[in-house]
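Student: Here it is: the structure, laid out below.
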Amino acid sequence: MTVTAPDQLVSADPRDGRTLGQYPVHGTAEVSERVDAARAAAPAWARLGHAGRARDLDAWRRLILRRVGELVRLISAETGKTRADAQLEVILVADHLRWAAAHAGRVLRPRRVPTGMLMFHHTATVEHHPLGVVGVIGPWNYPAFIPVGPVAHALAAGNTVVFKPSEYTPAAGAWLVATFAEATGRPDVLQAVFGRGDTGAALCRSGVDKIAFTGSTETGKRVMAACAENLTPVLLECGGKDAVIVDRDADLDSAADAVVWGGLANAGQTCIGVERVYVHQDVADRFTETVVDRAAALRTGPGPDAHIGPMATPGQPGIVLDHIRDALSRGGRALLGGPESVRAPYVSPVILADVPEDADVLTRETFGPVLVINRVRSAAEAVERANACAYGLGAAVFSRTQATAIARRLRVGMVSVNSVLAFAGIPALPFGGTGASGFGRVHGPEGLREFTRTHSVARQWLRPPVQPLSFRRSDRTMDALVRLVRVVHGAGRSGPRQPGSR
Ligand code: NDP
């Protein structure tokens, strides 16, 4: 969390206000300077090749892991999240970094593609070239794991990066950038700019070759509008309202355990956190009871034994409270907690049931430790309700027999089957959403290609007997070609004639 002065960010622990660090607010001029330096460093970084870059990225990963305790303490202090949640975040950082470094060479190597009969005298190759400088704008809820996704993939693909951490988590951002410089001796390849929304907007307008943004849908729209001015490509990882479907044949105990963790870990401040649960009516009572029992046993507070820490930003408890009140005023029932659970900066678990689907808590991001459990008559109804939402980030399905079929029908970017959030821990799986959750992918092969310019090369290796791509072509040549094409396309010599065709 950050206490702000106009030209300084003062990073502070949301649990006790303790100052963690002070950072200058960068304006347009400083952002331009960083982008210029990153641009100057880009050719040498690209020339290193995949093996050279992998060596540097591996050195960075190993340094992060040698100093893992430091990063865990910093993330935990700056966001208030528990030590275990911060540890999980760093484990994911290491895994995704390793995957990007190890696989960029294979995924992005030039690839021959078939030319087709007409162009038989050519070879065709698809190459992936770095874009140049990538701007990464990160959120505060996972200040290391989330930005390292685009940072690692952009760097592995041969780009340099200018990274703007959230104003609430500048210290974690600064730590990542400093350790990269220390591990590689290349301070210009990954640089940080600090500030609030204005600094992010300046980065969008700075002439970088792509912006990878993670944050709310509203800010994502502003980012896209700013990028449109220079036709800067943009990748948007925005909010979510992830649903879990629990079918009648699910393993209820594991489903309840996963839903409680997926909805309440990191105090519910997870873009792919569970916010909605649709449970089959035949098993709803037993499932709901288990969820309530488990959630009631969790401890909320500042201590080291707490399962749920504070809300990381000052405005969030108010939003959570509004959503709870709105749900109850529309006839929803509180099975655990209620408005009294919100004692800023802490919110203890709240479980709601039978909430109308148009309530704020089911249509907007709540981003707090609040779960809504609504019962449905069938898996088909669960899918329909899950899909009737502007967001389309992640989802999960619990079922012994139908899970994969149900998963396929969900309009989201990622689904876990018989677990929650699992896709985020598998580096080869592309990560991203659809609809109001944004577009583009980080992680996996798609995550590497996002940060490249696809470059197609057609090379003529044989001078053809007839040349249609020349003013020297004759009518006879073109007529013969048309006849050939008709045969090749199965239209035959006597196929239907088009008006005006020869
Ligand atoms: P915000 O949208 O408030 O901010 C995201 C980033 O954008 C911050 O660095 C912010 O800076 C910056 N920013 C703000 N205004 C502008 C602007 N006009 N131009 C450019 N950049 C700007 O999101 P939060 O930080 O509150 O993060 C929480 C949100 O992120 C949730 O909606 C969550 O769902 C989403 N998220 C999505 C993920 C995904 O992968 N899909 C993963 C994690 C989170 P500053 O903080 O300094 O204002």
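Glycine is no exception: its Cβ is also placed from the backbone N, Cα and C atoms.
Since this is a predicted model, take the numbers as computed values, not measurements.
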Student: Name the residue range among 1-21, 190-210, 295-315 that TrEMBL annotates as region 'Disordered'.
Tutor: 1-21
Student: Around the C-beta of Cys271 (active site), how many further C-beta atoms are within 10 angstroms, looking at every protein chain?
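Tutor: 27, counting other Cβ atoms within 10 Å of Cys271 (active site).
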Student: Per-residue pLDDT averaged over the domain 'Aldehyde dehydrogenase' (9-457) comes to what?
Tutor: 97
Student: Hey, how far is Glu237 (active site) from Cys271 (active site), Cα to Cα, in Å?
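Tutor: Just about 9 Å between their Cα atoms.
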Student: Applying a 10 Å Cβ distance cut-off over all chains shown, what neighbour count does Glu237 (active site) have?
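Tutor: For Glu237 (active site), the count of other Cβ atoms within 10 Å is 28.
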